[in-house]
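Report on the following structure.
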Protein chains: 2
Amino acid sequence: MELLEQKILTEGKVLSESVLKVDSFLNHQIDPRLMKQIGEAFAHRFSDAGVTKVLTLESSGIAPAQMTGLSLGVPAIFARKRKSLTLNDGLYSAEVHSFTKNVTNEISVSKEYLSSEDTILILDDFLANGQAAKGLINLVQQSGATLAGVGIIIEKGFQDGGKQLREQGVRVESLATIASLNHHTVTFSKEGASV
Amino acid sequence: MELLEQKILTEGKVLSESVLKVDSFLNHQIDPRLMKQIGEAFAHRFSDAGVTKVLTLESSGIAPAQMTGLSLGVPAIFARKRKSLTLNDGLYSAEVHSFTKNVTNEISVSKEYLSSEDTILILDDFLANGQAAKGLINLVQQSGATLAGVGIIIEKGFQDGGKQLREQGVRVESLATIASLNHHTVTFSKEGASV
């Protein structure tokens with residue numbers, strides 16, 4: 001998605017060979033028009049998948065999930081992150097380890113909003129080692145719902161989460177795929193260059 | 001806002017005389033079309049205020065802030081919640097006590113995204129005792145930005161946050177105002193009934 005790649009090039013901050021900060025339009029400040037285009041892009045890519053709900057993880061996934069749900073005409077759900085197990089009644093939950101922050105969160109979603117009748121599109125802002133996506137897939141599996149696939153805004157193609165998911169047969173669609181962050185420079189791979 | 005009040009009446013769960021749960025369309029699952037209408041309603045109410053940015057608090061404020069920013073053509077920012085003070089460099093931060101959860105969070109926003117040139121519309125899902133709104137106002141004051149006002153989706157008119165803010169001269173616009181949750185029944189006050 002070209003507008004997204006331009007934003008990453010002009011506003012993204014390469015903090016290391018593995019960390020890209022996009023706080024100015026995605027993770028802290030949001031560019032609403034870009035989010036609208038991102039939502040339309042995901043809706044277009046998964047238009048054939050019979051999606052009944054969009055599932056994401058708080059907080060950065062919420063704006064794109066809202067716009068994708070709006071485009072597809074289906075509800076969006078954001079899984080909650082918690083530090084520790086509290087009341088677990090009525091929740092599907094899974095553990096997600098963040099290597100960036102070195103913390104394990106429990107993520108959960110109410111059983112009321114995921115059912116075996118649903119076809120779920122999972123959305124997330126970044127895909128690196130795939131921990132968050134795997135946790136969300138775990139929630140979908142617990143509910144018995146069908147997984148339409150995983151939509152990712154920025155995939156770090158040099159980490160192996162995307163490869164692992166695709167090898168498991170999961171449909172992964174990334175709007176921008178980064179081949180490398182070496183030398184403080186963002187290099188996109190071809191997959192990311194196409195709309 | 002009539003559609004919002006209908007949603008509250010049909011899907012809201014009155015858990016006590018002070019707690020209303022709206023997880024099916026606002027706080028966990030999101031109704032994207034309702035969020036669009038909420039964004040348009042806030043944009044309409046504050047169309048004369050010269051808003052340059054919308055500021056909310058993660059997570060439930062993000063979808064309505066996205067839609068309001070889209071309608072107004074300005075960026076949205078979500079303040080982050082943290083349990084404890086960590087790195088504070090480059091952040092405006094304030095403490096917010098949640099009486100519902102009996103926990104004090106630090107909320108913060110990067111100094112990069114709020115400046116004295118800005119005119120800020122604060123948005124939040126609920127207004128009860130006003131702790132979150134006051135914390136967000138504190139962040140705006142630290143930045144030297146102008147406060148356009150506070151937009152609230154559901155105001156608990158029987159708690160005094162709204163009264164306190166209005167007495168301080170803050171413009172507060174609530175899309176639905178609840179007079180009472182007694183007898184497991186939602187009763188709206190007149191302010192909430194008008195669009």
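Just so you know, glycine gets a Cβ as well, placed from its N, Cα and C.
Those TrEMBL annotations? Automatic predictions, nothing curated.
Cβ neighbours within 10 Å of A:Asn27 (xanthine binding site), excluding its own Cβ and spanning all shown chains: 15. Residues or ranges marked as xanthine binding site in TrEMBL: A:Leu20, A:Asn27, A:Lys156.
According to TrEMBL, the 5-phospho-alpha-D-ribose 1-diphosphate binding site annotation covers A:Ala128, A:Asn129, A:Gly130, A:Gln131, A:Ala132. For A:Gln131 (5-phospho-alpha-D-ribose 1-diphosphate binding site), the Cβ neighbour count at a 10 Å cut-off comes to 18, with all displayed protein chains included.
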Near A:Ala128 (5-phospho-alpha-D-ribose 1-diphosphate binding site), how many other Cβ atoms are within 10 Å of its Cβ?
24
Sort the binding-site residues A:Asn129, A:Gly130, A:Gln131, A:Ala132 by C-alpha distance from A:Asn27 (xanthine binding site) and give me just the closest.
A:Ala132
Pick from A:Leu20, A:Ala132, A:Lys156: which of these binding-site residues has the biggest number of other Cβ atoms within 10 Å of its Cβ?
A:Ala132
Quick check: which same-chain residues outside A:Leu20, A:Asn27, A:Lys156 lie with their CB within 8 A of the centre of the xanthine site CB atoms?
A:Gly12, A:Val19, A:Lys21, A:Val22, A:Asp125, A:Phe126, A:Ala128, A:Ile154, A:Ile178
Quick one: pull the CA-CA distance for A:Gln131 (5-phospho-alpha-D-ribose 1-diphosphate binding site) versus A:Leu20 (xanthine binding site), whole Å only.
17
Using DSSP with the three-state reduction, classify A:Gln131 (5-phospho-alpha-D-ribose 1-diphosphate binding site) as helix, strand or coil.
helix
What is the separation, in Å, between the Cα atoms of A:Lys156 (xanthine binding site) and A:Asn129 (5-phospho-alpha-D-ribose 1-diphosphate binding site)?
8
